[in-house]
Every structure is written in C-alpha cells, then in structure tokens.
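Student: Pasting a structure here, questions to come.
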C-alpha cells in the first residue's frame, strides 16, 4: 500500500500567537499548493496559538493542517490545567501528539496513560501521533527493538484493530531529540519495520500496512530524504527545524519528492 508522507512540526513550548501567525504564513508562502497532493503537512503549536492558527488557515484556505501537543484523557471536569479533546476538535485540530518522550520524562506519563489519551483522541475524531522510543542506554545494550515493541503494545492497549488503523506512530529515539544526533537511516528503518510487524500482530497485516510510521529526532532538510526513502518510514515528527519556515517548507518539499515542476 502506498502511504502518503506526513511531515509534522512540533513547536514544543515556543512562539506566542503573533509569532505563530508569522511562521504559518512563511510556510504557506514557501510551499506551493501542488506539494500538498504529495505530502501531508501539519503544525503542532502550543495551545495558546491554536485559535490564531485556525483563523489564518481557515481565512486563507491553506492546505496545511494543525494539531496539538497533548490532551487530557478526560473530557471535562475538575482537572485544572488540562485540555479536553473536545476543545481541540472544536478548534479544528486534525492531529494530537500523545506520549512524547518529554511528557513521559518530565510528567511521568506511562504507557497506560498514553493509551487512554489515544483512545480519547480517537473518540473526538482526532488522529493521535503516538510516540515511542528508547533512551541511549537501552540502545547501547542492544534492547532497543524489544523496548519499542513493548512500549508500542502498552501505548495501544485497549484499542481495537479498527482504532489502531486510525493512529500515527512516531519513533523518536530519546537520545536523538534536540541533540543534533540522528539515528542512521538503517537504524531508524530497523525499528520502524519492527513497529509495523508488531502492528500486524496487534491488528492485521492490512492495517499495519496502512498506518503511517514517522521518525522523530533531529530531522532536518539534510537528512529527511534518506530517512523517508526507507520502506517503513513515512515522514517525520520535526522539532527544531519546524521553527524555521523556509527549512520546514524545504523539508516538506523533499518529502513530497520535490522540487516539483
């Protein structure tokens, strides 16, 4: 099955709503509409930027989509500081990240919570980008594939085969995030292939073949082409490079097979 590449820009805790508008405008200007037939492009701003991004995307009829970096497993109630999936859906979000390594590390989120958040996202017709990945000591011990398979199973626990078919998986080796280090294309492919095999055992081969698996970890315009040329890598969860409108647009164009005539 041919899977359309997805380039997702995770802005993390960067850019106020004015800066968000400027960045989306830069991306829109630098990436002509014809590329969107070949690649899906989404930005993942902080919550406080979402309404501004929505207004710009809707008003200018831009073809890029947008989403959020997290959501609550609860729909509403006395959960101070949490953000409901219903709120995100009302703002027109398409995607939501769950289980990013920074959430797992700094907020002690475990696989069970990630699975609950993924289920909540799906309930609100949001596409969860479920993140998994190993720390350096796990890779150096040679246990990275087993670790990622176990984390995947835990993060999908309770989801039906049909629901699994609606998620995106992002493999993000923790040791490569924001460090400038990047897994080699063959190293990334090894884990992404194992992820797809595990998806087949959890759902079906047909569903596994349809799910997009992204690589995240110091993705930039220089390495994205080699990464997505791998059989089981369908795009990138992009961090720092997504804050540079020109580089992000270039990266997306490469993922589309560009430059296009």
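Placement of Cβ uses the backbone N, Cα and C atoms for every residue, glycine included.
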Student: Which single residue out of 155, 201, 204, 218 does Swiss-Prot record at the substrate site shared with 10, 11, 12, 178, 239, 240?
Tutor: 218
Student: Might you list, by sequence position, any residue in that chain lying six or more from residue 178 (substrate binding site) with a Cβ less than 8 Å away from its Cβ?
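Tutor: 218, 239, 240 - these are the non-local Cβ neighbours of residue 178 (substrate binding site), listed in sequence order.
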Student: Highest CB neighbour count within 10 A among the recorded positions 12, 100?
Tutor: 100
Student: With every protein chain in view, how many other Cβ atoms are within 10 Å of the Cβ of residue 218 (substrate binding site)?
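Tutor: Neighbour count, Cβ to Cβ under the 10 Å cut-off: 22.
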Student: So which binding-site residues are near residue 172 (active site, proton acceptor), with CA atoms within 10 Å, out of 10, 11, 12?
Tutor: none
Student: Report the largest Cα to Cα distance, in Å and rounded to a whole number, among the residues 10, 11, 12, 178, 218, 239, 240 that the record lists as binding substrate.
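Tutor: Those residues reach a largest Cα separation of 14 Å.
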